[in-house]
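As recorded in TrEMBL, the features of this protein are as follows:
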DOMAIN    119-191  domain 'Cation-transporting P-type ATPase N-terminal'
TRANSMEM  174-193  transmembrane segment
TRANSMEM  199-219  transmembrane segment
TRANSMEM  356-378  transmembrane segment
TRANSMEM  398-427  transmembrane segment
TRANSMEM  820-842  transmembrane segment
TRANSMEM  848-866  transmembrane segment
TRANSMEM  960-985  transmembrane segment
TRANSMEM  991-1011  transmembrane segment
Amino acid sequence: MDPVERYLQKHFDLPSKNPSEEAQRRWRSAVGTLVKNRRRRFRMVPDLERRQQDEQTRRSIQEKIRIALYVQKAAIIFSDGAHKKEYQLTEDIMNAGFSINPDELASITSKHDMKALKMHGGVDGISKKIRSEFDRGISASDLDKRQSIYGINRYAEKPARSFWSFVWDALQDMTLIILMVCAVLSAVVGLASEGFPKGMYDGLGIILSILLVVMVTAISDYRQSLQFKELDNEKKKIFIHVTRDGSRQKISIYDLVVGDIVHLSIGDQAPADGLFIHGYSLLLDESSLSGESDPVYISKDKPFILAGTKVQDGSAKMLVTAVGMRTEWGRLMSTLSEGGEDETPLQVKLNGVATIIGKIGLVFATLTFVVLLVRFLIEKCLTVGLFKWYSTDALTIVNYFATAVTIIVVAVPEGLPLAVTLSLAFAMKQLMKEKALVRHLSACETMGSAGTICTDKTGTLTTNHMVVDKIWISEVSKSLADNNSLDGLNSDISSTTLTLLLQGIFENTSAEVVKDKDGTQTVIGTPTERAIVEFGLTLDGHDGEDRTCTKVKVEPFNSDKKKMAVLVSLPNGTYRWFSKGASEIVLEMCDMMVDGDGNSIPISEAQRKNILDTINSFACDALRTLCLAYKEVDEDFDDNAESPTSGFTLICIFGIKDPVRPGVKDAVKACMSAGIVVRMVTGDNINTAKAIAKECGILTDDGIAIEGPEFRNKSPEEMRDLIPKIQVMARSLPLDKHTLVTNLRGMFREVVAVTGDGTNDAPALHESDIGLAMGIAGTEVAKESADVIVLDDNFTTIINVARWGRAVYINIQKFVQFQLTVNIVALVINFVSACITGSAPLTAVQLLWVNMIMDTLGALALATEPPNDDMMKRPPVGRGESFITKVMWRNIIGQSLYQLVVLGALMFGGEQLLNIKGADSKSVINTLIFNSFVFCQVFNEINSREMQKINVFRGMISNWIFLGIIAVTVAFQVVIIEFLGTFASTVPLDWQLWLVSIGLGSISLIVGAILKCIPVESGGTSASPNGYAPLPSGPDNI
């Protein structure tokens, strides 16, 4: 490891996720004071002190809420005699048709005031006072009225920064401030010595250059801020189900109003304060609001639901009573600033690179100024003596100082860390178009290094459009490919069996059959539930409602138990449990089965074997298998007990078809080419999982498929041998996924991406390097724990995130290579010239223009290159690999040497070589040096598009941003040389010298091609940690 990389590893190494405060403070300390513009450089870096204050504020507010929730309940009991606040019904409220004051309504829920709730007639009374019906909800025509009286569901946010605030930030650059002072001094001295307007030109040129730099910088930063604001707004787009105008609708949380009937289920976050209407086993996590870790059980006796709390279990309907700033959550969120997102590893590493170069540049700038000053004093001593001073002498020293300061401007590459932000902002915007919402900056960057993707099956690899394809019932297996099959099924089973089947389908489900505005029926729920209910509707021919049964208790589906259950009361006074879930688990609970006549008979060993064979045959056809069973119970059951785990009677086995998504097989193949191992982690039957994995190309001959129970019983030593071979894990629990991720990261130092959609996936999403939540099937809890939300739930989208992640990493490497070359040449040429000739060939104005080419414009050109297919034909960059590779050093040193030789030859022999004579020969040669230097950078920018391949023009025509930057650079260079010579210290050049400048610059392309033929060890293409050999080279590598 080279000294630069050792220094970066020691001071500027940061984990991609959840960095410690100590690590964040370490790199800030290492940067020290060598920063030209702290406000701009650290604009995208969190303010740790502010974050600490916010955390203290949050805890303080949480403590107040906790006291309000837990202490005030006791106080209310003894508050009969105490003075209570009187709430008045204003004319506006009454004219709108409501009968309760907004503040009073909000206080009932926020203070858990049961006494006030009863005084208003309970939840029923409140609903009447706000004109809402439990079955129909509110009328959409009342929305404006409700928002004007009860408020909108938004909390106060800090206003967006204006463009001029970015201009002000850009002006905070210390070196630019010093240059402005120098410019003013230069103008004053110039006016005194040379008069107006000639004496103004040098100073005015510097000021105009500074203004140009500031405006270009501010425009770039402002555009970035707009992109991040747009992405931030996308993150906040959360949709919920409500009942309005008698129909179920999906609306944005921002459109929610008081009186809405909200449907809550596992993984949802309560979007407003409200009252529980009815539901089953509703368990809320209030830790984000009160700091209490114990979940709270909500029922009709404890009906208060607060905004910001998360549904940990169960489901419910809620009546909204307070929104926005009238909720505790709204008030809490409005008091906290957006403390800034954690810096990314690349941002930190490039801050380190900028610090190293800045220190070197400071030394060179100081030496340049000292050498120029000493030479000037020696010449002055030898000519007129040190005691005679003129105003021109002061002007010369000011110009020397301005040149030295400008060298620092060029040498301290403030643009390096900000180029990461620019590249990430561009990538995130493009990914939004490709259905991926990046929630954390570092995820986009880290995804490019991912070596393993642990993916779900259902909905990610498959389409999530499920239908019941086969059914086993009454010892008969039937395919349901067409309507005739359904008719045959109706005739083959008895009416008793059909009644049991339909009861089990419609009672034991989390799906709902709702009517749209046009009267058509729609099934709302998970794809699996929808498939079964739609099958039931087809079989039944009605709306699926069975009013002879009443639900008594519901146990929602749980990914740990892999089943769901419901207890219903029957008309004859008896009770019946229905259970549905993973086929092996439900079958294990059954000792009876329903025969062809609808009678319950014991399951013999032969029949059990036949049933298991049926399950396996369904699974081998890539069908998801679920069993449905029931159990009769007496009325003396325990209300608090869980559903029974034995004594059930098997009704049927469903085989549910969920086809593989188009394009998944190609995406998996692309992953293998890129050295990324895809592992399927699913809760499904192992045979179903293997069939789908083979179809996708995930399960290969040398890979293994394992079940969760077997995996979790392995010792650490066994896991070390087993994990590299695992390609499929079936019947897994969320804990198994978490264990697999932890071991891949810990034992094998892999960069791991994980997909998840359920609430229980949150720990694995949090533990992984990149957590990918599903946008359609994912719960709000999963999305909140994720780094990227895959909006279309498609595996191919995940590969696009990896492609853009690699593009970001490689683009930043290209930009660093380009900028370091400019740095080295500008520093050395000015220093050597100062030592030998006593003057710097590149003036302050010229260096400021070069700085803009290599900083803002260079970042725009190189850091926004879109990904190409070749990026997915190389192994991922492993943890701890050098950022500045040997390939980059080869290109940097080679191009720097060429440019130094060319510029040195022009500086010391240009007049003789090109036969330039006349009084202005010195000005012409200095202009030629400047022009050649700029064109060397223009062609080197093209060279930097490819670090290893000779063909640097591939894809350039389609990259209009790059072409635009090159065109603007060349056009402005022509303007500077031909028309702004007075300010830039240049003279117009004839066409021959323009050809010389362009020719010398274009030779950089030939030099680049020669350099790429020099073999060097490339850390990035060494043996992949996943065992994939690099692809052989061929014509595509040219």
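Using the three backbone atoms N, Cα and C, a Cβ is placed for every residue, glycine included.
Just so you know, TrEMBL annotations are computer predictions that nobody has curated.
Keep in mind that what you see is a predicted model, and the values were worked out from it rather than measured.
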Leading contact stretch, 199-219, 398-427, 848-866 vs the transmembrane segment (820-842) - CB distance under 8 Å: 398-427
Among 199-219, 356-378, 398-427, 848-866, 991-1011, stretch most in contact with the transmembrane segment (960-985) (C-beta, under 8 angstroms): 848-866
Structural state census, the domain 'Cation-transporting P-type ATPase N-terminal' (119-191) (DSSP three-state): 46 helix, 3 strand, 24 coil
Integer average pLDDT (0 to 100) for the domain 'Cation-transporting P-type ATPase N-terminal' (119-191): 87
Most Cβ pairs under 8 Å with the transmembrane segment (848-866), selected from 199-219, 356-378, 398-427, 991-1011: 398-427
